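Trainee: I have a structure I would like to understand better, so I am pasting it below and will then ask my questions one at a time.
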Amino acid sequence: MMLDLGNESSVTMFILSGFSEYPHLHAPLFLLFFMIYTVTLIGNLGIIVVRKVNPKLHTPMYFFLSHLSFLDICYSSVFTPKLLEILIVEDRTISFKGCMTQFFLICAFVITEMFMLAVMAYDRFVAVCNPLLYTVSMSPKLCAFLVAGTYMWGVLCSLTITYSLLQLSYCGPNIINHFGCEYSAILSLSCSDPTFSQVVCLTISIFNETCSLLIILASYVFIVVTIIKMPSKGGLQKAFSTCSSHLTAISIFHGIILLLYCVPNSKNSWLVVKVATVLFTVMIPMLNPLIYSLRNKDVKGTVSRLMHLKLQAHST
């Protein structure tokens, strides 16, 4: 849909192409993504509930993990419902305001999660390198400050990038070659010079990726040095199990981001971008609860206890 503004026309509605080139895959993809989204909600809500009901998990590490789960629910819920909708209905439209809102939210949640993972790396550094002063160093006030800072920074960065997109003119075409309002897909529809927006996005992206990775790298360099100096195998095993889940989550998260950065800008690359975005917005939120809970005895023990209590309640 176009709105006439003098001699120009402005787009008021976008059409999401999704996976329209593969109509025969729509039904199986819908079932697959619906199951993944259900597991994502159950898994991440489970982490939040488990942390609340088990006093042993009222530690900085699980405080940050519960916020990571909350972010996974949020950014998965921004993209996945719309993806499911365009797979089963013919009307694949999204309003201009709706599109920009979706982009703002996904951008804010992803940047916040990026720095939440960096904060968690710092938390692991303090836990391994200074265990005796861990509870003092990672005080509730500091934890709240770090979490609030990540949310505020994510919102600020997202507002800046979204503002740069809103300064562009969109006078047609209005078909977004994606299943959601992803930055490069929106930018490709602009009929004005996108240089300012590209510079803003590139600057913020490079700064955020570099800063978060430097915090993570510095934390784990100190952790590795501390582990090497440990005399007992028990301490080494405990330190490794503490960090392995977080390292796995970081590798998947940043690996897919770097893949998206490295995709060449060509027509053939759009399928790669779509698949990578699906992995990022649909798969990662599902995997994080599994990564953090499978090797964690406290989490598994709490889940087993809750299930046992529920079964007892049903049997009585």
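Backbone N, Cα and C define each Cβ position, glycine as well.
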Trainee: Please state whether Swiss-Prot assigns Lys52 and Cys201 to the same topological domain (same side of the membrane).
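Mentor: They are annotated on opposite sides of the bilayer.
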Trainee: Identify the disulfide partner of Cys99 as annotated in Swiss-Prot; candidates are Cys181, Cys191, Cys201.
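Mentor: Checking Swiss-Prot: disulfide partner of Cys99 resolves to Cys181.
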Trainee: Can you tell which of Asn7, Asn208 Swiss-Prot marks as N-linked glycosylation site?
Mentor: Asn7
Trainee: Counting every protein chain present, what is the number of Cβ atoms, excluding its own, within 10 Å of the Cβ of Cys181 (disulfide bond)?
Mentor: 26
Trainee: Sequence gap of 6 or more, Cβ distance under 8 Å: name the residues on the same chain that satisfy this around Cys99 (disulfide bond), in order along the sequence.
Mentor: Phe14, Ile176, Cys181, Ile186
Trainee: In the same chain, who gets a Cβ under 8 Å from the transmembrane segment (269-291) while lying at least 6 residues past its ends?
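Mentor: Beyond its ends, the transmembrane segment (269-291) has Cβ neighbours at 19, 33, 36-37, 39-40, 43-44, 46-47, 68-69, 72-73, 75-76, 78-80, 83, 106, 110, 177-180, 182, 184-185, 245, 248-249, 252-253, 256-257, 259-260, 263.
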Trainee: Under a Cβ pair cut-off of under 8 Å, which of the recorded stretches 62-80, 100-122, 142-166 contacts the transmembrane segment (29-50) most often?
Mentor: 62-80
Trainee: Given a Cβ distance threshold of under 8 angstroms, which distant residues of the chain, six or more beyond its ends, lie next to the topological domain 'Cytoplasmic' (123-141)?
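Mentor: For the topological domain 'Cytoplasmic' (123-141), the list is 59-61, 64, 218-220, 222-223, 226-227, 239, 242-243, 246.
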Trainee: Reported in the order helix, strand, coil, what are the DSSP residue counts of the topological domain 'Extracellular' (167-205)?
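Mentor: Summed by class, the stretch gives 16 helix, 2 strand, 21 coil.
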